[in-house]
Amino acid sequence: MELNKNNMKKILLIICLGILFYTAIGHLNVIYDTIRHIISLLLPILLGMCIAFILNVPMRAIERGLFGNYEGKHQKLIRKIRRPVSFILTLLCIIGVICIVILFIAPQLVNTIQSIIVAVPAFFTRTQNTLNELLNEYQWIADKIGDIEINWGAISSHLTDFLRTGAESVISSAVGITTSIINGIVTFFLGFFFAIYILFQKEKLSSQCRKLLYAYIPEKRADRIVQIASLSSRTFSKFLSGQCLEAVILGTMFFIVMSIIGLPYALLIGVLIAFTALIPIVGAFVGCFIGALLMLMVSPGDMLLFVILFLVLQQIEGNFIYPKVVGTSVGLPALWVLAAVTIGGNLWGVAGMLICIPLFSVLYTLLRDKTHIWLKKKNIRPKKYL
């Protein structure tokens, strides 16, 4: 290779990048701490962007449904008020849904807690009677337990030390939790105010971002970035609306079927499963576990029937409802949905599950389109890979 000016620049760039990469590998902890510090500083803005994105889905639907492309006599007035009116209606809808849920769930929750308080002693009594019957039937187990020597003095001493240290840790934990709650509330309200500004000025902010892109990046690359951003926005919006609709359908199914069969806590468990089903794939199982635990305190037979019912409805939901409602909205095959949930859950927990499904959908779409382009360029016939 001839060493001209351009080649020397490329070689120096590669050497510099190699040195930077080697240095970064040796200081991963510093990089990680720096990223965490930057995220903590930008957390209100990032939270505001997330809130704005979530609220924009129903707000955009309300704005289009009420106002659309209005071209009447009061066009200027409508343009001024349509965004504030749509935002206020969105907030009222969300607050209304929360109030309705609380209104219907609160009495049911109180009754459930009262029944559990009554059922717990009976549950432990039944458990104790069962253990006594087992010990009477298998006398050698009781003899072995009787041979065990217990140092009650040492147990009492350890218990006292545990309670003393536990009290100190509880006080320090309470202070830390209180501080975290206050910081969380302040961060949320700051993020909410950022979200309001973003929603009211979203067209202007979008225009400013496009100006920056086309000013400092080549036009073709800027076009590609805008295309990917638009695809990401559509995919995340469709996933959010689809996931919410799927959760409502699943919770309603449980409430109706449990009411018909006569299982207890139908409304409470229906709402619980609807909320937990917002977590893709695994969320409904969390709701099933909590519901089964509630029923176990009252009737093990009802618990068994509920688990069977859950498995049946989960199969219906997984094979028919979820692929139609969510799968088609994000355009991601079931295998990749499972992979996205697994990887996202291992990386960032519940938030990772919610983020990775639409993210994988965007990557899948981009890779699919690029693959088709390369196949056409290479003139590969479909029979080669179908």
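Positions of Cβ are set from backbone N, Cα and C atoms, glycine also.
Pulled from TrEMBL:
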type     : residues : note
TRANSMEM : 12-32    : transmembrane segment
TRANSMEM : 38-57    : transmembrane segment
TRANSMEM : 85-106   : transmembrane segment
TRANSMEM : 181-200  : transmembrane segment
TRANSMEM : 244-266  : transmembrane segment
TRANSMEM : 272-296  : transmembrane segment
TRANSMEM : 303-322  : transmembrane segment
TRANSMEM : 334-367  : transmembrane segment
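Long-range contacts of the transmembrane segment (181-200) within the same chain, counting only residues at least 6 positions beyond its ends with a Cβ under 8 Å from a Cβ of the stretch, are 43-52, 55-56, 59, 83-84, 87. Listed by sequence, the residues of this chain that lie at least six past the ends of the transmembrane segment (334-367) yet keep a Cβ under 8 A from its Cβ atoms are 228, 231-232, 235-236, 238-239, 243, 278-282, 323, 326-327.
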